Amino acid sequence: MSSSGLAVEEIKSLSEAHPKPADIQFQYGTAGFRTLGSVLDSVMFRVGIIAGLRSKKCDGRTVGVMVTASHNPEPDNGVKLVDPKGEMLEASWESYATRLANATTNDEVIKTIESIVETAKIDLSKPAKVVYARDTRPSGPTLVSALEDGFKAIGVEPRNAGVTTTPVLHYLVRAINTKGERCSYGEDSEEGYFSKLGDAFKKLVTGRPAASPLIIDCANGVGAPAAEKLSELLGNSLPIILENTDITTKDVLNNGCGADYVKTSQKLPPSLANKLQPGQRACSLDGDADRLIYFYLDNRGAFHMLDGDKIAALVAAFIVELVKLAGLEGLIKVGVVQTAYANGASTKYLSERLPVKCVPTGVKHLHHAAERYDVGVYFEANGHGTVLFSQVTMETLAQHQPLSPAQSRALEHLISLTELINQTVGDALSDMLLVEVVLSYKSYSGIEWDSLYVDLPNRLVKVVVADRNAFKTEDAERRLVSPEGLQQKIEGLMNRYQSGRSFVRPSGTEDVVRVYAEAAIKSQADELAFRVAGLVYDEAGGDPANRPKEFL
Ligand code: 16G
Ligand code: MG
């Protein structure tokens with residue numbers, strides 16, 4: 001042990017085994033570190049150290065580490081940290097993680113750790129506890145051992161949660177840290193998670209007519225074993241048919257299936273073509289089961305998608321109704337948080353009924369904004385979201401004296417919803433149960449749910465540019481401030497289309513600029529998107545010889 005309190009020699013010798021690739025710069029972005037699994041070894045080792053430091057900083061409370069690349073292709077992998085309440089890592093620590101990941105030599109690794117310890121005022125004598133898990137990617141086991149070396153280097157008491165979903169890991173972190181407390185989040189095990197969800201669901205659907213079978217597309221990922229456990233527990237209370245459950249064959253993960261495939265291609269996963277009956281409900285999870293998209297085929301076999309916006313509309317309206325029925329109107333205010341990607345029709349539908357806030361893309365922005373409501377419903381259009389009940393709301397629910405059996409029932413339902421919903425993070429399985437509860441209460445099929453409002457046709461286009469950082473936005477990413485003058489040009493185009501809306505933002509996860517456009521008719525939405533993409537390409541100095549031919 002050196003005078004700084006670090007086991008310098010031990011860190012150095014372990015670090016030796018996990019050298020940083022010379023030519024790669026890593027960045028802790030909106031979803032943590034994420035790139036090809038084959039280049040992430042040194043990052044994992046160093047994230048193990050950062051996790052230990054974070055736990056020490058949090059007075060020895062348990063933090064979480066999830067090894068996953070979510071909906072990305074199978075060769076990718078990634079890692080993200082979870083703070084003690086089960087939330088995403090505090091933003092200021094993202095830069096510490098980035099700095100340590102990019103230290104070039106062993107000496108620099110030590111120096112960077114020392115500098116983080118000093119800047120963040122970390123007491124190294126505190127204990128460090130970390131719970132960690134991985135998804136089903138083949139690169140997972142090796143990367144996890146690098147992570148474990150990092151734990152060893154900084155003296156972490158590790159707890160391996162094995163192969164599980166991202167939301168389960170978030171749940172575990174919160175459950176471990178609230179164990180034995182009045183605000184205990186539940187039993188700190190995967191079984192505890194499933195029984196919490198399952199019990200709440202069964203309570204909510206008791207006495208309701210039996211549901212017809214729901215198909216779950218598990219993206220050939222970690223959602224498959226998880227959904228299977230859930231399905232066993234639910235028994236007849238929700239008949240489930242699992243599809244895309246192959247977690248051993250190479251290259252099938254997220255390939256032609258899963259929530260991202262459905263949302264981006266706006267198509268049925270081909271593997272479901274002969275399985276999904278007209279009118280039957282189906283949903284897709286992503287590769288780590290924190291995103292959910294529903295869909296169905298109508299009587300003519302046409303595909304209809306029910307995305308995060310539709311989930312938000314369904315759920316928010318239901319909670320507002322229960323709050324009224326429970327006699328809590330005025331005491332509990334429900335609000336919704338969306339991003340610029342929310343379909344204009346959903347924003348219109350929701351704003352006519354309750355307060356709606358728009359924030360920049362990325363779960364942490366939505367989560368924090370939702371915390372400001374008594375009940376905050378947040379969803380990204382891509383299917384990531386949840387509902388947060390504030391501490392005051394939880395107390396209001398616990399203390400409220402209902403004046404009638406109807407009020408009492410509504411109150412019980414609200415309390416069960418707080419158990420059913422994973423309030424730490426968006427959770428595909430928990431959200432799926434939530435949707436199923438509302439559909440059951442409203443006696444809605446997918447068709448009735450879909451008809452709450454009609455989506456404006458929309459189009460998403462990627463533009464590869466030399467420097468995406470040249471694109472800067474304001475007003476929750478709805479307007480560009482740089483490159484100068486481009487926003488005016490975009491608005492000039494938008495105004496030419498009925499219900500036209502378009503915005504441009506640099507991606508936080510890929511080296512591209514994204515263009516979103518919507519308009520009253522599909523061909524116009526496409527045209528607007530490709531025109532704006534063309535403007536962006538030219539403005540960013542794109543080579544005319546390589547200009548994609550669809551850009552107008
Ligand atoms: C990340 C975000 C997701 C966001 C997406 C946008 C988290 C956990 N995930 O996956 O919320 O929708 O990035 O990607 O925050 P983009 O910046 O490439 O468009
Ligand atoms: Mg995911």
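In case you wondered, yes, glycine gets a Cβ from its N, Cα and C as well.
Just so it is clear, the model here is predicted, and its values are computed rather than measured.
Under the heading active site, phosphoserine intermediate, TrEMBL lists Ser70. Under the heading Mg(2+) binding site, TrEMBL lists Ser70, Asp286, Asp288, Asp290. According to TrEMBL, the substrate binding site annotation covers Glu380, Ala381, Asn382, Arg505, Pro506, Ser507, Gly508, Thr509, Arg514. Under the heading domain 'Alpha-D-phosphohexomutase alpha/beta/alpha', TrEMBL lists 62-92, 104-180. Feature annotation from TrEMBL assigns domain 'Phosphoacetylglucosamine mutase AMG1' to 207-292, 307-444. Among the features that TrEMBL reports, domain 'Alpha-D-phosphohexomutase C-terminal' is placed at 460-533.
Between the listed recorded positions, namely Ser70, Asn382, the fewest other CB atoms within 10 angstroms of a CB are found at Asn382. The Cβ neighbour count for Glu380 (substrate binding site), using a 10 Å radius and every protein chain shown, is 24.
The Cβ of Asp288 (Mg(2+) binding site) lies under 8 Å from the Cβ of Met66, Thr68, Ser70, His71, Asp135, Thr165, Thr166, Gly221, Val222, Gly223, each of which sits 6+ residues away along the same chain. Of the chain residues outside the Mg(2+) site list Ser70, Asp286, Asp288, Asp290, Thr68, His71, Asp135, Thr165, Thr166, Gly221, Ala259, Leu285, Gly287, Ala289, Arg291, Ala428 have their Cβ within 8 Å of the site's Cβ mean position. Look at Gly508 (substrate binding site): DSSP puts it in coil. Separation of the C-alpha atoms of Gly508 (substrate binding site) and Asp290 (Mg(2+) binding site): 18 Å, rounded to the nearest whole number.
Residue environment of Pro506 (substrate binding site) contains 19 other Cβ atoms, counted within 10 Å of its Cβ in all protein chains.
Summarising the environment of Arg514 (substrate binding site), the number of other Cβ atoms within 10 Å of its Cβ, over all protein chains shown, is 22. With a CB cut-off of under 6 A applied against ligand 2, the recorded positions Ser70, Asp286, Asp288, Asp290, Pro506, Gly508 are reduced to Ser70, Asp286, Asp288, Asp290. Sequence-distant neighbours of Asp286 (Mg(2+) binding site) (same chain, 6+ residues apart, CB-CB distance under 8 A): Ser70, His71, Ala219, Gly221, Gly223, Asn254, Gly258, Ala259, Asp260, Gly383, Ala428. Taking Cβ-Cβ distances under 8 Å and a sequence separation of 6 or more, the neighbours of Asp290 (Mg(2+) binding site) in its chain are Ser70, Thr165, Thr166, Pro167, His384, Val425, Gly426, Asp427, Ala428. In this model, the domain 'Alpha-D-phosphohexomutase alpha/beta/alpha' (104-180) carries an average pLDDT of 98. Binding-site extent for substrate: residues Glu380, Ala381, Asn382, Arg505, Pro506, Ser507, Gly508, Thr509, Arg514, maximum pairwise Cα distance 17 Å (rounded to the nearest whole number).
Closeness to ligand 1 is met by Asn382, these being the binding-site residues among Asp286, Asn382, Pro506 whose Cβ falls under 6 Å from the molecule.
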